[in-house]
Amino acid sequence: MNPEEFAAALRDKNVILDDKQLTQYQTYYDHLVSVNEHMNLTAITDRDDVYLKHFYDSLTLAWAYPKLQTDQLRMIDVGAGAGFPSLPLKIAFPQLKITIIDALNKRIKFLQELVTELGLEDVTVVHARAEEFGHKKAPNREQFDVATARALARLNVLGELTLPLVKVGGALLAMKGSAASEELNEAQGAITKLGGKIGQEVPVNLPNGDPRTIIIIDKVSATPNRYPRKPGDPARKPL
């Protein structure tokens, strides 16, 4: 998917990118592959693959959850790595207010440089672990309209890392592959304990036919104060 095909695919979804936005995606790609030469950010570096498997793939969240396209939502991206999915979403939908947390300082440095180079506003990048960022006394607990993560953890672990950050009435948008139903069945008890309710499984396909699933977990009640547990426990002892 070259940049022209990327723009055309978005037009098919009624998302029209202007020249500034198209340039921002090109700058993103250039900076990503440049830094990736000395830092392991992604195994995908071919331009057409980055546009398809990183940029377009990130934007599938907006097809599954259309409010991302129009509303001034506060979104937190947990363990964003090279900025996916939140920064491609921010370029396409500038009204979003983005917070990114990652536990690796060198990735945070990359993201801060990238946000500056792209000229993005209302993007906050924080070096933190999700378990501490959403702790019962943390100021960011239950402050976000939407939480998301891509390829971070299985859903029963991901729920504990993200749902404490989501306000009641908000949602967790979990990006998964085609085998999402198995994870969902495994995670049902954990989701309920954390104040969530399974909303929808939204199947989406990339333009090349690759299947994806967006799992929408609605936040219906406050997360009990005992969650999230201390750093490392959600992964070691999943709910």
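Placement of Cβ uses the backbone N, Cα and C atoms for every residue, glycine included.
Now, the feature entries from TrEMBL:
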type	residues	note
BINDING	GLY79, PHE84, ALA130, GLU131, ARG150	S-adenosyl-L-methionine binding site
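Largest Cα to Cα distance within the recorded S-adenosyl-L-methionine binders GLY79, PHE84, ALA130, GLU131, ARG150: about 20 Å as a whole number. Around ARG150 (S-adenosyl-L-methionine binding site), a 10 Å sphere centred on its CB holds 20 further CB atoms from the protein chains shown. DSSP assigns ALA130 (S-adenosyl-L-methionine binding site) to a helix. Over all protein chains present, the Cβ of PHE84 (S-adenosyl-L-methionine binding site) has 24 other Cβ atoms lying within 10 Å. Listed in sequence order, the residues of the same chain lying 6 or more apart from ALA130 (S-adenosyl-L-methionine binding site) and placing their CB within less than 8 Å of its CB are VAL78, GLY79, ILE101, LEU161, THR162, LEU165, PRO228. Under the three-state DSSP scheme, ARG150 (S-adenosyl-L-methionine binding site) falls in the strand class.
Neighbours of GLY79 (S-adenosyl-L-methionine binding site), defined as other CB atoms within 10 A of its CB across all chains, total 20.
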